[in-house]
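This report refers to the structure that appears directly beneath it.
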Amino acid sequence: MSKIDKPLDSWREELTEEQFHICRLGGTERAFSGEYHATKTPGVYHCTCCGTALFDSDAKYDSGSGWPSYFQPVDGEAVRELDDFSHGMHRIEVRCGRCDAHLGHVFPDGPRPTGLRYCINSASLKLVPREG
């Protein structure tokens with residue numbers, strides 16, 4: 001997968017204010033406020049910045065957290081995980097594997113088969129519904 005590296009000013013021109021704040025500055029939307037937290041439409045969730053496929057609706061579940069939650073990404077290259085020591089705690093940040101957009105965090109309290117909960121901001125996603 002070819003990487004995308006753009007200056008912040010380019011991203012600022014292409015994204016909404018909320019998308020820029022979350023994806024490029026590492027922000028977080030309020031729980032239960034995002035477009036996709038309760039969506040059950042079958043399809044694939046892509047990065048809002050670069051269009052890379054990130055999560056399939058087959059891996060989406062209701063974690064009760066108020067953010068879209070998935071037990072796995074579409075493949076091992078779709079996302080990358082980084083240590084995050086902000087806010088006085090240790091978490092694992094999830095970023096787009098192609099453009100490095102901040103997506104959310106992953107926690108070890110998810111369902112089978114992975115036991116993981118990818119807790120993702122709706123503003124970092126674009127749902128492409130499955131046809132048929």
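All residue numbers here begin at 1 and follow the chain in the order shown.
Backbone N, Cα and C define each Cβ position, glycine as well.
Bear in mind that the values here come from a model prediction, so they are computed numbers and not experimental data.
Taken from Swiss-Prot, the feature domain 'MsrB' covers 8-130. Swiss-Prot lists Cys47, Cys50, Cys96, Cys99 with the feature Zn(2+) binding site. Marked as active site, nucleophile by Swiss-Prot on the basis of sequence analysis: Cys119.
With a 10 A radius on its CB, the residue listed as 'active site, nucleophile' counts 23 other CB atoms from all the protein chains. Residues near Cys96 (Zn(2+) binding site) in space but far in sequence (CB under 8 A, at least 6 apart, same chain), listed by position: Cys47, Cys49, Cys50, Thr52, Leu54, Ala78, Val79, Arg80, Leu103, Ser124.
In terms of local Cβ density within 10 Å, Cys47 ranks first among the binding-site residues Cys47, Cys50, Cys99. Cys119 (active site, nucleophile) is 19 Å away from Cys99 (Zn(2+) binding site) when you measure Cα to Cα. In terms of DSSP helix, strand and coil, the domain 'MsrB' (8-130) has 23 helix, 40 strand, 60 coil. Mean model confidence for the domain 'MsrB' (8-130) is a pLDDT of 97.
In sequence order, Ile4, Cys23, Thr48, Cys49, Gly51, Thr52, Gly97, Arg98, Asp100, Ala101 are the residues of the same chain, not among Cys47, Cys50, Cys96, Cys99, whose CB sits within 8 A of the CB centroid for the Zn(2+) site.
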